[in-house]
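Structure first, commentary second.
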Amino acid sequence: MECVIVYNYSIAATFNFSGLLAARFLLGCFEAGVAPAVPLLLSFWYQRNEMAGRISIFFGSSTLAGAFGGIFAWAIIGHMDGVQGMASWRWLFLIEGLPTILLGILCLMFLPNYPDTANTKWWLTPEEKELAIRRVPVASDDTTFSKKQFVAVFKDYQNAFYTLIYISVLVCISSYSTFLPTIIRDMGVSSLKAQLLTIPPYIVACCCLFAVAWYSDHIQQRGFPAALCFLVTIIGYVFLLVGEHLALRYCGAIFVASGVYSAIPVVLSWNNNNNFGHTKRGVSLGLMNGVAQCFGILGSHIYRNEDAPFYRPGHAICLAFAIFAFVMIAVLRFLLKRENRRRDELQQDHATYDVELYDRHPAFRYIP
């Protein structure tokens, strides 16, 4: 996290395009590990049926950033140009990086990896520490890298499904977060009003994200809530695609945000729950996020100026990705439920199997 801030501040100090490009590239390299690392760390502390709610707390911040980040940036860019002899865009990077510096220092000092390594003086009481270890008894049973689990990631079909689903999530999110102010502005409102009108979709999305995550944990399923999220996303893109009036298109924008952002904690926890063993879980999360982020580049080029003001080609592309994700979720859910039924019908003694089979063990049940 501290490396992220170093290169974030390096961007503020650049004086040419080459320096900006190098700093931005290194920023992306170090920032890439944050998204998969958070669900992995949470899996050391929380049970399978608690993951979506915990992951939603972290990723819910992205909706709040979407709601107020634009206004915050507008205020700095519009009012701090020339302060202390610096351009306003440099102030933007300096101010936005400060909270992350403080948070990174606190994490390095106080955040433990596992319950059994938590400091009982300032983090947990001895009783709380013992309870945390008992709640997740496999929290630190395989803390070393396992080649067997690494290979298993690429041999397990479900990881291909998670990656394809997450590609659709990030294509929709990257295009939405980048072009929402432009899309709203081209509905016939001023630039400032367009920035203000981006706030309600993100606020609604934040509420939906927490509600869907709670519901997913409550029913102990991931596929069904994820499918609901993409169904809402599909409806939103249909509204944007066919809508002629401002109200219908704006409603579509709210539906898209509510659906696609709510899918993030559900899909991440689905991957997290069904990949057992720390190496396999960590590699699968990294693979899913890394491949999907590459397709996020596509999302930033979907909406073209010549398609204004309705941007129908861009909406159609995102709609296709949302439908594709919906189908992939349905197929994966069917396959996981079928595998669970097959294991239910096995008559062998589970004790005769190697515990290092992890999620391939007959006693393990996938969360559909």
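Just so it is clear, glycine is given a Cβ too, placed from its N, Cα and C backbone atoms.
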Per TrEMBL, the range holding coiled coil, considering 273-300, 329-356:
329-356
Can you see whether the transmembrane segment (57-77) and the transmembrane segment (282-302) are touching - at least 3 CB pairs under 8 angstroms, only pairs 6 or more apart in sequence?
no
When only pairs 6 or more apart in sequence are counted, do the transmembrane segment (314-336) and the transmembrane segment (89-111) reach 3 or more Cβ pairs under 8 Å?
no
Which sequence-distant residues neighbour the transmembrane segment (223-241)? Criterion: at least 6 residues beyond either end, Cβ under 8 Å.
52, 165, 168, 172, 183, 212, 215-216, 248-249, 251-260, 262-263, 266-267, 270, 311-312, 315-316, 318-319, 322-323, 325-326, 329-330, 332-333, 336, 368
